[in-house]
Amino acid sequence: MKKMHGFTLIELMIVVAIIGVLASTALMQYQNFVVRSQVTRVLMEAGELRLAVEQCLNDGTTKIGNGQNECDPRASGSNIISGASQNPEIVIAANTGVVQFPNPLTEETALTATFNNSAASIIHGKKLIWQRQKSGSWYCHSNAAEKFLPSGCKYDASL
C-alpha cells in the first residue's frame with residue numbers, strides 16, 4: 001500500500017475560504033482606517049486656525065484681509081477640503097480648498113471644513129465644524145458617521 005502525501009482538495013478549499021474571509025475583513029478595516037485618518041487630519045487642519053482666530057478677536061481685527069485693521073488667519077490649502085480662499089490677496093494651489101469662516105469674524109465663529117471628492121467617498125460633502133462659543137471655548141461637531149469621528153468631536157445630523 002502506498003503512503004499518501006499532501007492535502008486533499010477539500011482541505012485546500014477550506015484554507016482558501018479562510019484566507020478570503022480574513023482578506024475581506026482586513027480590507028474593510030483598512031477602508032475604515034483611511035476614512036478615520038482623513039477625518040482626524042481635517043480636524044487638526046481646521047483646529048490649527050483656532051489660535052489665529054482668537055488672536056484676531058483679541059486684537060479687535062475681525063475683517064479678513066491683509067490691510068490695516070484686518071486679519072488673515074492664514075488658512076492653508078488641503079487636497080481633501082473644498083472652499084476658496086477668503087482672502088482675495090491669497091491664491092491657493094489648484095485642487096485644494098481651505099477651511100471656511102465668516103467674514104467678519106465673530107465671538108461665535110464657526111470654522112467649517114467640507115470634505116471634497118478627493119476624500120473617501122463615504123465622507124464626500126460631509127462637514128466638520130469647530131464652533132467657538134462666547135465664553136471662548138471651542139467644540140467640534142460633524143455630520144460624518146460617528147464611527148469615523150475622534151473622541152473629541154460629536155456627531156450632528158443637522159449639519
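A Cβ is built for glycine as well, from the same backbone N, Cα and C atoms used for every other residue.
Here the structure is a predicted model, which means the values were calculated and not measured.
Cβ neighbour count for Cys71 (disulfide bond) (all protein chains, 10 Å cutoff from its Cβ): 23. Secondary structure at Cys71 (disulfide bond), taken from DSSP and collapsed to helix, strand or coil, is strand. The annotation disulfide bond is assigned in Swiss-Prot to Cys56-Cys71 (among others) on the grounds of similarity to another entry.
The local packing around Cys140 (disulfide bond), expressed as other Cβ atoms within 10 Å of its Cβ over all shown chains, amounts to 18. The disulfide bond annotation in Swiss-Prot covers Cys140-Cys153 (among others).
Taken from Swiss-Prot, the feature N-methylphenylalanine covers Phe7, and the record attributes it to sequence analysis. Secondary structure at Phe7 (N-methylphenylalanine), as computed by DSSP, is coil. Around Phe7 (N-methylphenylalanine), a 10 Å sphere centred on its CB holds 11 further CB atoms from the protein chains shown.
What Swiss-Prot records for 7-27 is transmembrane segment, and it gives sequence analysis as the kind of evidence. Same-chain residues lying 6 or more positions outside the transmembrane segment (7-27) and placing a CB less than 8 Å from one of its CB atoms do not occur.
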Rounded Cα-Cα span from Cys56 (disulfide bond) to Cys153 (disulfide bond), Å = 24
Please name which of the disulfide-bonded residues listed here, Cys56, Cys71, Cys140, is nearest in space to Phe7 (N-methylphenylalanine), Cα against Cα.
-> Cys140
C-beta crowding around Cys153 (disulfide bond), within 10 angstroms | 21
Write out the long-range same-chain contacts of Cys56 (disulfide bond), meaning residues 6 or more apart in sequence whose Cβ is under 8 Å from its Cβ.
-> Thr62, Cys71, Pro73, Leu105
